[in-house]
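Encoded as C-alpha cells, the structure appears first; notes follow it.
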Amino acid sequence: MNKHDQKKKRNKQHTDNVMGKKSKGFIKNKKNIGESGNEKKRNNNFNNIWKKKKRSGNSEKDQVDILGLLKGDSENMNDDDDNNMNDDYNNNNIKGDYNNNNIKDDDVDDDDYDDDDDDNFDENKNCNDNCSSKHKRNVPSKKEHDILELNNINFNETRKKMINYKNIFDGKFCDLKYILSESLINTLEKNEFIKMTSIQKMSIPLFFKPNDIFLKSMTGSGKTLCYAIPSIEKILNMKEKVKITRDMGIFVLVLSPTRELAIQINNLFCILTKPYPYIVASCITGGEKKKSEKNRLKKGISILTCTPGRLLDHLENTKSLKLTFLKMVILDEADKIIYLGTQDKIKLIYDMIRKIKQEEFSKVHKKKKKEENEVLDHINDTNMSDMNNISNDHSNDYEQFILDKFQMIFISATLNHAMKTLANYCLTNNTMWIEKEKKNGINGGNKNDETKQKSNDMISCMNRENSPLNIHNNDDNDDNDDNDENNGDNNNNNDDNNNNNDDNNNKNNDDDNNNTYELPEQLKQYCILIDMKQKFICLIYMLLDCIEKKKKPVVFLSNHHSVEYLQILLKNIYWPTDVNKKNIEVNKKLNEKITPVLEREDEKLLRKHLEQNILNNNYYNNNYNVGNISYKNINLEEIQNEDELNDEPGNLYNINADKHKRIYLFNNVNIYILHGNLSKEDRLGNFMDFSKTNNSILLCTDIISRGIHFDSLSVVIQYDPPQILEEYIHKVGRTARLNKQGSAYLFLLKSQKQFLNILKNKNIQLKIILGNTIINHFKKFCIPNFLKSVGKDILNFLHNHMQTIVKSNNTLMEKGTSAFLCTITSFYSTSKNLRSIFNAKDIHLGHLAYTFLLEKTPKQISKYKKEQNYINIKKQTVLSKKEKRLLKSKQFQKKQKRK
C-alpha cells in the first residue's frame, strides 16, 4: 500500500472512533477527500461538531431533570421518555433549540405564532428560574410545591396538544350544494365565509327538519351561522312556489339577551340578505320610540332580532305584528337569558306566539272548509276542469305555508337545571339534541394524529329521552306536569309555575358538578395569584404590555361604578415629574438618598412656564405694561415655595407645577366603557368604535360576556372574580375564536385558590403566575429612567403619587368611593357554589381601599359617601339663598377637605 492510502486509513479510523456510527451523517462530500491537508481540517471540524453534540445532549438531560422537578416527581425521567420527546420534536418540525425555555405552551405553537407573545407572562419560566438554584438538591421550594399542587400539568401531554391543536374547520360551504342554493353559497363566498366548522357541517342539514332543536357547542365555534344559513334558505325555498313580500310578516324570530348581541346578529343577517331585497332584516331592542318600531313592523320585517322584554311589549300592544308565516323561533345564548331572570318572559312569549299561530291556522282551516262546501254546491253547474282551476288559486298556495306549529331552537354553550326546565317547557316537537362530544382513551401525538382527531370529535344527535334534557327526578317531573296544565289557562297563573330561587340554586349546583365544559385548545388560560395591594399595579402592567404588543384587551369588572372610575383614572394617571422640596426628607426616609428628578432642561421649561403665568396674572389683574416688568431675575426657589403654601403638607408632589410636562401612562390610547346603565347611543357608539379601532382598551361588565365577537380581540382580563362558574367560561370565550389564538387572565387572591380546583373538575386548567413576577417586570420595563433613581421603594412612591391625583380630583373621589362600596356588595351576589371561596368577610377592606387609591379608612369612606348623597339630594331640591351661599363658600369647602 502507498503512504497516501495508509494515511487515509488512519484518518478514517480516527473519525470512526470519535464520531461512531453517526459520523456518516456529518460527512457531506466523501468524494472530495483526497489531499492530506484538507482531510485534517475536515477531521478537526468533525471532532468539534461531535463535542458540541455531546454538550447539547448533556444539557438536554439536565433540562429533562428540571422538567421532572416541575412535574413534582423526585425521580428523573427515563431515557425512553427522552427519546419520545425528541421524536415528537422532530416529527412536528418545531424551530428553535430544544432547551428548557422552549418546553412551554407559549412557544410551542404554529409557525404563525409570534415568539414575543406572552414571554413575560409564563409561570413555567418563573418556576424554572426558582428551580435553577435547587436543581443540585432536586428539592423544590415551598412556593413551587404549592404551585405544582395547583397546576399538576403533564408537560409532555400539553406540549403535544399545543403542537397538534384541533382544527375546528371541517369542509367548505360549497359541499352543502344538495341543501343550499347556489346564490346563497355565492353570497357566503363573497363575504369570505368559505370554510365551515364541524358543528356547522353536521347541524345545518338537521335544521331543515321540522323537529325542535337544542344545540350545545363551545364558544367561538360559529353557532350563529348554524341557524342563520338555514333560516334564509327556508325563505328562499318558499320563493319557488309563492311570491315573497314584506306584507307576509315575520318568518324568523331571534331572541337575544342583550342589545349588543342583537345588533351583531342583525348585522350578519343584513350581510347575508343583501342580494335578496324582498328579505328584510331588522332589529328591535328598546331605547327607541315605539312609534318608529311600530312603523317598521307595519311595513313588514322578514327576519326580526329583538330582546325578550321589547318583543313581549309588542305582542301585547302592537296589532301590526304579523306571525302568520312564522317558521322559526331561535333563542340565542339561552343561559344568559336565564341568568338575567327573564325565563318567565320567554314562557309568556312562547305561549302567546303559539296561541296566535293556532288562531290563524283555525281561520285558514275554516276558509278551506267554506271553499270546499262552495265547490261541492256548484259541482252540478260546473265541469271538473273548472273545479281544478278553483283549487289552483293563488290563495291556496299561500295557505299551504300557514301552519299551527313553528320550529323552536335553543342555542347555548352551557347547560344547567334551569335551562333544562325551560327547554322542556318550550321544546315539544320531537326535540333533537346536537352536541360536540369527545371520546376518551385516544392519545394525541402519534403519526396518525390527524385521522384520530377526526374520529375523536363526534356530533351526537339524539332524542329527548336519551339527551341531557331528560330530567329523571320525580319532583321535576311533577313541576313540568303542573306547567303543562297551566298552559291552557291563558297564562293567568304564571307565578305558580315558578319554583323557589333557593331550590333552583341547589339543583343548579348539583347539576353543574356533573357537567364538564369545552374550550378551544388554542386558548391560553392564566391565573395571577396576588396580594390585594398588588392588584392595581399588575393591571397597569398588563395593559401597558398589551399596548406595546398592539393587542386589544378587554377588562371585565363586577359593577358599572368601578368601570366608570377606572376609565377616568386611567386617563388621568401620569408619571411623577416634580417633587416638592419641602418633603424631600420624607423621600430620604423611604430611600437612603434620592437624586433630584428635575434636570436642567426641565428647569428651563419650568422657568418659561412660570414666567408666562406671572406675565398673564400681572396683565389681567394690575393692567401693567408687559415691557416694564422685570422677570429676568426670577428665583425659582421663591416661586416654588409660594406654590407649596397652597398645597397640603402631606403631599409628596406639587400637582399644579408640572402640568406642562406630564407624561401620561395611556396617552393616545382610546379607553371605552360598556355597561347596562349607559344610554343606547353611548353603548352602540362605544361598541362600534372599539371594534373598529386598534389601539384601544375596553372596560365593561358582563354585558358582552356572551355571544359578542370581536375580530382582533386577543386578551381577556377578569379583574374581579366571577359570580357564577359559567360566567368565567363565557368571558374567556370572547377570545381564541375560530382557530385564532388568544390568552385569558384571571386575578385571584391567595385565599381564593380553591376556585382553581373547581375549574379542574370541569376539565379546565389554568397556569399560575405569581404577582411578584409581574411587579418585577413592571419595575424593569415600564418605569422610566428618570424615576429609577428613587430606589427599591418605587412602588410606594408611585402609589402615593396616584393617591394625590385621586385626592385632587373630586369626580375621582366620588367615583372611587362608590366603586369601593359596590365591589363589596358584589361579593354578596355570588352563587352558592362559590360563596365559600369569594366571601366578603375574608377580604381586608383597608387593602381593598388601597387598590382603589383611597387614603381614607372604610368607615370614613362610607361617611363621605353619605355626605355626598345628601349634598346631591339638596342640590336637586329647592334651596334658599343662604344655603346656596353656604355651599359655594370657601369655609364649607375647607371643611369637606378636612373630613
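Quick reminder: no glycine exception, Cβ is built from N, Cα and C everywhere.
If you look up Swiss-Prot, you'll see 1-12 (among others) marked as compositional bias 'Basic residues'.
Per Swiss-Prot, compositional bias 'Basic residues' is recorded for 21-31 (among others).
The annotation compositional bias 'Acidic residues' is assigned in Swiss-Prot to 76-85 (among others).
Per Swiss-Prot, the feature compositional bias 'Low complexity' maps to 86-102 (among others).
Annotated compositional bias 'Acidic residues' per Swiss-Prot: 106-121 (among others), in sequence order.
Per DSSP, the secondary structure of the motif 'Q motif' (173-201) breaks down as 17 helix, 3 strand, 9 coil. Here Swiss-Prot flags 173-201 as motif 'Q motif', drawing on sequence analysis.
The feature domain 'Helicase ATP-binding' is assigned by Swiss-Prot to 204-433, with sequence analysis given as support.
Per Swiss-Prot, the feature ATP binding site maps to S217, M218, T219, G220, S221, G222, K223, T224; the stated evidence is sequence analysis. Sequence-distant contacts of G222 (ATP binding site), defined as residues of its own chain at least six apart whose C-beta falls under 8 angstroms from its C-beta, comprise I168, M196, T197, I199, Q200, L738.
Annotation source Swiss-Prot lists motif 'DEAD box' at 332-335, citing sequence analysis. Here the motif 'DEAD box' (332-335) has Cβ contacts under 8 Å with residues 223-224, 227, 254-257, 261, 265, 410-416, 419, 422-423, 706-707, 726 of the same chain, all six or more residues outside its ends.
If you look up Swiss-Prot, you'll see 476-487 (among others) marked as compositional bias 'Acidic residues'.
Residues or ranges marked as compositional bias 'Low complexity' in Swiss-Prot: 488-503 (among others).
Per Swiss-Prot, domain 'Helicase C-terminal' is recorded for 593-782. Here the domain 'Helicase C-terminal' (593-782) returns a mean pLDDT of 77 for the predicted model.
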Residues satisfying Cβ distance under 8 Å from S221 (ATP binding site), sequence separation of at least 6: I168, T197, I199, K436, L738
DSSP helix/strand/coil residue counts for the motif 'DEAD box' (332-335): 2 helix, 1 strand, 1 coil
Local Cβ density at S217 (ATP binding site) - other Cβ atoms counted within 10 Å: 23
